[in-house]
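Peer 1: As listed in Swiss-Prot for this protein:
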type	residues	note
ACT_SITE	C1057	active site, phosphocysteine intermediate
DISULFID	C78-C261	disulfide bond
DOMAIN	349-448	domain 'Fibronectin type-III'
CARBOHYD	N109	N-linked glycosylation site
CARBOHYD	N113	N-linked glycosylation site
CARBOHYD	N156	N-linked glycosylation site
CARBOHYD	N359	N-linked glycosylation site
CARBOHYD	N444	N-linked glycosylation site
CARBOHYD	N719	N-linked glycosylation site
REGION	461-480	region 'Disordered'
REGION	557-726	region 'Disordered'
REGION	769-788	region 'Disordered'
REGION	1412-1442	region 'Disordered'
TOPO_DOM	20-733	topological domain 'Extracellular'
TOPO_DOM	760-1442	topological domain 'Cytoplasmic'
TRANSMEM	734-759	transmembrane segment
Amino acid sequence: MRRLLEPCWWILFLKITSSVLHYVVCFPALTEGYVGTLQESRQDSSVQIRRRKASGDPYWAYSGAYGPEHWVTSSVSCGGSHQSPIDILDHHARVGDEYQELQLDGFDNESSNKTWMKNTGKTVAILLKDDYFVSGAGLPGRFKAEKVEFHWGHSNGSAGSEHSVNGRRFPVEMQIFFYNPDDFDSFQTAISENRIIGAMAIFFQVSPRDNSALDPIIHGLKGVVHHEKETFLDPFILRDLLPASLGSYYRYTGSLTTPPCSEIVEWIVFRRPVPISYHQLEAFYSIFTTEQQDHVKSVEYLRNNFRPQQALNDRVVSKSAVRDAWNHDLADFLDNPLGTEASKVCSSPPIHMKVQPLNQTALQVSWSQPETIYHPPIMNYMISYSWTKNEDEKEKTFTKDSDKDLKATISHVSPDSLYLFRVQAVCRNDMRSDFSQTMLFQANTTRIFQGTRIVKTGVPTASPASSADMAPISSGSSTWTSSGIPFSFVSMATGMGPSSSGSQATVASVVTSTLLAGLGFGGGGISSFPSTVWPTRLPTASAASKQAGRTVLATTEALASPGPDVHSAPSKDSEGTEEGEKEEKSESEDGEREHEEEEKDSEKKEKSEATHTAAESDRTAPAPTPSSPHRTAAEGGHQTIPGRRQDHSAPATDQPGHVAPDLDPLVDTATQVPPTATEEHYSGSDPRRPEMPSKKPMSRGDRFSEDSKFITVNPAEKNTSGMLSRPSPGRMEWIIPLIVVSALTFVCLVLLIAVLVYWRGCNKIKSKGFPRRSREVPSSGERGEKGSRKCFQTAHFYVEDSSSPRVVPNESVPIIPIPDDMEAIPVKQFGKHIGELYSNSQHGFSEDFEEVQRCTADMNITAEHSNHPDNKHKNRYINILAYDHSRVKLRPLPGKDSKHSDYINANYVDGYNKAKAYIATQGPLKSTFEDFWRMIWEQNTGIIIMITNLVEKGRRKCDQYWPTENTEEYGNIIVTLKSTKVHACYTVRRLSVRNTKVKKGQKGNPKGRQNERTVIQYHYTQWPDMGVPEYALPVLTFVRRSSAARMPDMGPVLVHCSAGVGRTGTYIVIDSMLQQIKDKSTVNVLGFLKHIRTQRNYLVQTEEQYIFIHDALLEAILGKETAVSSSQLHSYVNSILIPGVGGKTRLEKQFKLITQCNAKYVECFSAQKECNKEKNRNSSVVPAERARVGLAPLPGMKGTDYINASYIMGYYRSNEFIITQHPLPHTTKDFWRMIWDHNAQIIVMLPDNQSLAEDEFVYWPSREESMNCEAFTVTLISKDRLCLSNEEQIIIHDFILEATQDDYVLEVRHFQCPKWPNPDAPISSTFELINVIKEEALTRDGPTIVHDEYGAVSAGMLCALTTLSQQLENENAVDVFQVAKMINLMRPGVFTDIEQYQFVYKAMLSLISTKENGNGPMTGDKNGAVLTAEESDPAESMESLV
């Protein structure tokens, strides 16, 4: 600290200060980016588009410089006269006799498993692989459907359809495109040859209930969240996605609604919508796209992906001639053309606002009528304008009849005043439209004002590149609401006025001085107020009183909200506001908590701005005069006006001139706005009017060119002080304060840096080069003793050990404390906590995950090494980078290319109570195999966790970095595969790793003596990319076993998937939380995840994965660890039979968990369809949708893909068994089709009821006659018998299934078993049949089909005991609970009685006893209990199980 007092520091300080002042004085108009004229920007934009066109890959978007108004530059057809979409006016549509019933062929069939969905970046498309044909409806022939596309709005059911009817737009529009297969072989060929194609438009309308027909689509959307993602869809029926009645439709000739906009489309627009719930709508709003501006790519939400509506021109819209179809509820449809929201507004906003000077003292305002009129006719227009002069604000509103020219002349214009104009349409009953664009005019300079930004049309916004894993986050600025606020200068400046629908107006809290400076009023900055954070309700009394005690000042940062909040098309201006207001209505009503969270976010943002450069420190804070004392408004930063009563506020505590100490003192609130207002208009003499600061210092952006017609601030840039204005005569008045402020700011920065350097130096000395360990939040009993001790206090940034090369960082990394309210949750309360998160459509999970997404937004963590040109090829994905501060550094290789040989895309990640517990990395590339194995050797890694398959959905996710057999050499590392063990959901490989450069006993060898080590790879094989596993239990088993394999002398556990973020982060969180549960009986998922997000980007990639973590942990808490070694099983069984405090045994509690499964696992809607009900013997034993065995559907027949059968997980494969019912006479062929489709070669028949009729009991053909199943025939070729030890017999049939079209043959063996399990036989005989089946299965492929009469307990028991016996053989342990629960999850209704569950335990005890005692003497009873001769203690005997 003494160095700060040395003269050289002060000399340096004075030089820097003088340089800053010289820069500010000499270049006051410089901004972050070049701001040119409108003509220049349009020219640049056109050049960029022409370049893309020349390259053969024209880029287009739904907004910005490549938005719809620019499509014509790259696709000339987009400027044609017959473009789509259009607004269809029902009363103008004529009935066409040629438009009769629509004929659909194949639409009633379920789609095949080849149908797939893709996120194209512009929409979500379904590629249809089945035959769907459309004819009729005036189409010139029989057309084949090839693809389906969707268009949607911003959020919460806002308008998103491309077409509209009578001005009514819907949340989603689905479009089905088809072509003539007689002329072309594909849809794309028809477009390229400019031939006629067809399209259907189907509207989706919000309904209170889920539409089950959409479930496969919604499930598919979750698999294509990110750009270019693809997924196969579950079977669906395309007809179910259409309206119930197809008779009412409109017809017109139009174009494609996307480039190339070819005018070749025969449109069929259905009048009736299809229902969709808000919950299902959310899947559309979660889709991401990649936006591109020049060479910069950014990941944004894909929203508002619709083209603006086009003019009808000379075209005619026709209606179908199916008259009865138009009668039903048409009146209701027309009376309310836009539903609940549109019924409140007169029309869309007036468009094409212009302000032009007529002479020195007069202006002319002109506009065009709204594109859509919801409640015609328009009676008149209201022109409102406001102006300022000599710090006094004037305002005037007048009306103009709609039948006259849409122009207004404003006389007596002063060149020294600022004028703001906007127009509103008025219909009958004083129903009004939304306001038009707000135009700002001063001294021949016109600006378009949208929302809270001044924008220049046609200029692309260059967004910073981000990852597909991170959604853009809106940071809410302080806001307040007012009921009926007048249309004052403030409401104009924020682009918001009184709501035209009579609802509460939403007004941005402040218009800061940057806006006013650019217009000649003062210096400062303008805040961005994303629509997603504007409340539409007044705060509650309690919330307002909490918020009233502090002053919140305006910030200078404009943040881009997710989705296009600045529309390029004028017709969308009001829609953005309307959609934002709709979104607010779905927000949580817990007002206090929302305001507190916004308040904290605002504080963090404002504190961070205190350290900005001098370019942003040219703002002053004028203190209010003593004659104007004020109170603060809730979170708004507004000062109340003397004499005006403030509702819902606490008594004032702040003194005049007081500034909150924790906020930026350099920010100026230029306008003072009352938190409440009356319906009366303000007058110039009203003492309650907002006051302007008496002095108007200019910012750097206080000059503008007289030649500029439009001046813009790029909303994607952070500095919004780039608006240009005239110089002010009071320029020198703020230079002295600026010097003082700059000096103080610089001193504070130097002191802060010195403190940080000192603090980090102390930590290095204390920790001897290792980071401090994370501390945990104490349990509830410890909190009183530990005080305010919190979990994961800071993010750890690492000091590498001596074996790693050191790189001097370019900048210091900030230390991020975890929020104070992040406390661990006791496990007893975790179930209740999850219930709260699931409530309100999983709103709690969404809030938590948004907080996770924001936690690193302001940290400025660098990843320069990943972006270095020499390292970019080492990254599997361009947007998944390794943070510099926590990256794993390899020892540099000798040679000329050694400079960047220390890089690998991997980061250290902390675990529970252990720093650097994991290494999170990407799936290795072939070019990085050597680096990967070097890292494993140097880090002494003994466990590899792999959570991806090499290829998924046809895409390479990871390259195989281990030898398939024998040995492979990767640089200096030789890897040998020692063994492979395959389990149902994961595979364990034991690898030997040897370093040829390390000799035994060499000093550089971390282990000191060995040059060979063993590395175990745990490879989970059932985890879908960007998704989650179907069931949590197998994942828990995988995590527990891989975690238990780690030895104390091993280095970090290496975890990777494909990108090394989503599935990798999920594993790390589950593993760490399981350790915390074991150690402290507490859980802190949110706090821990926010902590590790500072160490590798985007760990836990999706909200779905975040929810899965909670589900898995809850499963672990409820079920506990149930795997038991064979030697402990007897004592374990006795312990779970002891009644607890409530009188219930743990066995009863386990069985309750088995039978009470989560509702999402037991959905059985396919089995409950009317066409399938007759195929079920017992409606209570049907397949769950997640594990249902599907059949290849037969063409033209509905429901032919259904059979009452379920996959069951075994020990070696996830679909090792299929449990089904005894075939019914009319489902016998379905049974054999299932065998054929799934290549099953073993059938085990367990008859529960011997009273079945002969024709029903025997479902196979006789030897004399084959059974014909169309695609194949079934022939019995032999029959044999196998005697068991109890003299019972198994009848064995051998069948051959031969294809009728080719030479394929499938051999099937059928075991017709006696009564099993036999209650009259010893329990040990139970495994005799199982051993026969197991031995046969070793030589056969495909699943084993097991059936009893209903496909219930007997079949389930055989699968359970087979799996458990295999587990006992391989692991010398069993997990009865997990096996039984998995069977009940995959086929609900198998285990329904606790005695069935007890029998599984008895059988396993018998098997273990048999193995331990050899074939010693056994005594059996008829109830199935077994006693060995040596057993004498009744408490320890299996008799106690009865």
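Glycine residues also receive a Cβ, built from the backbone N, Cα and C atoms like all the rest.
Just so it is clear, the model here is predicted, and its values are computed rather than measured.
Please go over these features one by one and say how buried each is and what sits next to it.
Peer 2: In the three-state DSSP classification, C1057 (active site, phosphocysteine intermediate) falls within coil. Cβ environment of C1057 (active site, phosphocysteine intermediate): G923, M946, I947, T948, K957, C958, W1023, D1025, R1063, T1064 lie under 8 Å away, each six or more residues apart in the same chain.
DSSP assigns C78 (disulfide bond) to a helix in the three-state reduction.
Across the domain 'Fibronectin type-III' (349-448), DSSP helix (H, G, I), strand (E, B) and coil residues number 3 helix, 57 strand, 40 coil.
Within 10 Å of the C-beta of N109 (N-linked glycosylation site) there are 23 other C-beta atoms, taking all protein chains into account. Secondary structure from DSSP puts N109 (N-linked glycosylation site) in coil.
Listed in sequence order, the residues of the same chain lying 6 or more apart from N113 (N-linked glycosylation site) and placing their CB within less than 8 Å of its CB are F232, P235, G1190.
Around the Cβ of N156 (N-linked glycosylation site), the number of neighbouring Cβ atoms within 10 Å comes to 20.
For N359 (N-linked glycosylation site), applying a Cβ distance below 8 Å and a minimum sequence separation of six or more within one chain yields no residues.
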Peer 1: Under 8 Å between C-beta atoms and at least six apart in sequence, can you list the same-chain neighbours of C261 (disulfide bond), or say none if there are none?
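Peer 2: Within the chain, C261 (disulfide bond) has Cβ neighbours under 8 Å at W71, S75, S77, C78, G80, Q83, S255.
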Peer 1: Looking only at C-alpha atoms, tell me how far N109 (N-linked glycosylation site) is from N156 (N-linked glycosylation site), rounded to the nearest Å.
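Peer 2: Roughly 32 Å, rounded to the nearest whole number.
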Peer 1: For C78 (disulfide bond), what is the tally of other C-beta atoms lying within 10 angstroms of its C-beta?
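Peer 2: I get 25 for this one.
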Peer 1: Average pLDDT across the domain 'Fibronectin type-III' (349-448)?
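Peer 2: Overall, the domain 'Fibronectin type-III' (349-448) comes to a mean pLDDT of 76.
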